[in-house]
Amino acid sequence: MGLLSDPNRRRALISMLTRLNAPICVVCYFAGVAWFMGLAFEPFTLRTYMSENAMGSTMVEERFPAGERALATGREFAAHKKKVGGMPVDWLVKNMQDRGLEVFTQSFSRTLPFPDENKERYIVKGTNVYGILRAPRAPRTEALVLSAPCSPGDNNNQAVGLLLGLAQYFRNQIYWAKDIIFLVNEHDLIGMQAWLEGYHHTNTTGMSWSPLQGRGGSIQAALSLELSSDVITSLDLVLEGLNGQLPNLDLANLFYAFCQKIGVLCTIQGKLQRNDWDSVSGYNHAVQTMMLMVMKQASGRPWGDHGLFLRYHIEAATIKGVNSFRQYKTDATTIGRLLEGMYRKLNNLLERLHQSYFFYLMPSLSHFVSIGYYMPAFGLLAVILLLRALDLWVQLNTPPSTTEDGVADIDQVRHTLLSVLTPLVISHLTGVALYALPIRFQETAVEHFPVSETEAVVLTAIAIYTAGLALPHNTHRYYIVSTVPDVRGWRVLKLVAVLYLAVLLGCTALINFSLGFILALTLVPLAAFVTPHVPKVLSAFILVILSPACTLLFSVFFFQELQDMPVSFQDGWLLYLSVISQGILDHSLYGSLVYPLIALLVYPCWLLFWNILFWK
């Protein structure tokens, strides 16, 4: 405190920070990247452990015996699904009633803002079927959910069969203290969104659905099951939800504990557990697993039906069965026993899961990185913006020019303010156009160009984004109102832009660390070096490479490499266009915040630095 309160020492500290500003910024950047890459190294990770006392032991005797019968039920479900060409509602209702459940249905419909060409749908109509097993030993104020989506074709039939098998087995047990809801939802996430909105009496996305006739208690936890084969080699745990939300870590710990107990091969991000953490190959494997989680979390989209539960503060995950070429095999009975054990432990909860972490990264199922370890990596990048802001503030902290009478030149002050406000306003208006116009102008684009509605939306977004590059050549004419030379204008604008970016990235990282960190990796160097005095052509090329659109393009190729499925440039470009359309759809259908964040805040902020580069 004495260092900051003493004016002489404070001036000396500021002088040192401004004199060594560039070297310190370079060191902080590489230190932040090195810190992040070191997170997958074993000394930086913690071993997973159960924080919730009620689930601290897996001493539960699992007795589920009906795996083969469940598979037979799944084949019967597939036959009826093929016969009716969709969800066999009557068959499901009858089977759930035969198992002693209170059965209800919910119809829903949704018109998409533009066709989803990935799943070939535009107007979606469907029905959800769910059965409630009432708790015999409690006042029925709490509930658990087990869901299985009714997927097209031969997908997920075994999951529905196992769900019905577990419903019949659970019905004969007397130890349940919570209602258990068995849900079969149609049209994957859209059906799940309709059911959750109906259950919680909310309508945030404009979907049409019929009110639920039956409800259980307050939902404490949920699991979504995806099985598409009679024989499973491993179970993959999917955690990433809407807007990068993650369930309480104890839910992942519970899954891993029962996999270890029962002897089921389990994975995360499709990657097997490895024990050679101290080797180079083991470290590379951990980094690859952790980076896959970062990329999925940064996308902001739900990677399973569980992802929509997290919006309602319900801890949820998706368990996905994988049938690969591994020698290890797991039958449906074993998977049923694993689910039985998990639900029996969740049944023991006296309160919501809250004692473990909600912010974490996982290089494997047995290790995790807590927020206290990974946040300094972002902090090292964010401090660069503060150092640059300090340097600009010192440069601007000089007495204003005065006239012979000692009166400040009002024209120069007015010119400086206009030179800052004009690009700020125009950049954000461009962001509003990028957010609002692609969907609104799709019909006009289809009429004048030979493209589909989806292509029209994506190409309109790209056109508006590219048109923003012409702003510096047009905005200056609006704020040259005086012949007074103003050398302070670009510094004031950069100071505002740097502080704006620091606040924006800081808020983003608190909500979705992965998205905030990826944006910081590209935007912080850009904000640090850009001035009107650097070489224009080279700097413009670097700014375009570090722009949000190119960051997304590189992320698409990097994600495919991490999944060991590299693609050609042409296939990657098509995938890139698909990612853009899916991001806009996710915002319209489920409320994903990534697209409005990029369009309304990140892109306008990048345009401010683009204006600085071409400052006249």
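For all residues, glycine too, the Cβ spot is worked out from N, Cα and C.
The feature transmembrane segment is assigned by TrEMBL to 20-41 (among others).
As annotated by TrEMBL, transmembrane segment applies to 371-396 (among others).
The annotation transmembrane segment is assigned in TrEMBL to 416-437 (among others).
TrEMBL lists 497-530 (among others) with the feature transmembrane segment.
The annotation transmembrane segment is assigned in TrEMBL to 537-559 (among others). Long-range neighbours of the transmembrane segment (537-559) within the same chain, counting only residues 6 or more positions beyond its ends whose Cβ lies under 8 Å from a Cβ of the stretch, are 292, 295, 298, 462, 465, 469, 518-519, 522-523, 525-526, 529-530, 566-567, 572, 575-576, 579-580, 598, 602-603, 606, 609-610, 613.
Look at TrEMBL and you will find 593-615 (among others) tagged as transmembrane segment. With a threshold of 8 Å between CB atoms, the same-chain residues lying at least 6 positions outside the transmembrane segment (593-615) that come near it are 243, 298-301, 423-424, 427-428, 430-432, 434-435, 465, 468-469, 471-473, 475-476, 489-490, 493-494, 496-497, 500-501, 504, 508, 515, 519, 523, 526-527, 530-532, 534, 536, 539-540, 543, 547-548, 583-584, 586-587.
Residues 14, 17-18, 21, 24-25, 28-29, 31-33, 35-36, 39, 44-45, 357, 359-361, 488, 491-492, 494-495, 498-499, 501-502, 505-506, 509, 513, 516-517, 520-521, 524, 527-528 of the same chain sit 6 or more residues outside the transmembrane segment (371-396) yet have a Cβ under 8 Å from a Cβ within it.
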